[in-house]
């Protein structure tokens, strides 16, 4: 599952400002989002232009088992990175549903 937990500095983005969004991804999917050797996350960073920080193992969103992913950059970069992460998680969930 993927949840948008908080948006900083506000919910209203301005393209010329650096914004930050923290999302939660089920801990079991964090490794798949990162990919072998960081391949998937590097591809997301390159294609979106966003900076992405993933919490250390066990660094959960408060009261959940969701790992924290913080995405920083322009509005466009954040939306692109969020979309790529959501598609990756959705694909993984879809594949697991086929089992």
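Counting starts with 1 at the first residue shown.
Keep in mind that glycine also has a Cβ here, set from the backbone N, Cα and C atoms.
Features reported for this protein in TrEMBL:
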- 17-90: domain 'K Homology' (DOMAIN)
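In the predicted model, the domain 'K Homology' (17-90) has a mean pLDDT of 89. Applying DSSP to the domain 'K Homology' (17-90) sorts its residues as follows: 37 helix, 21 strand, 16 coil.
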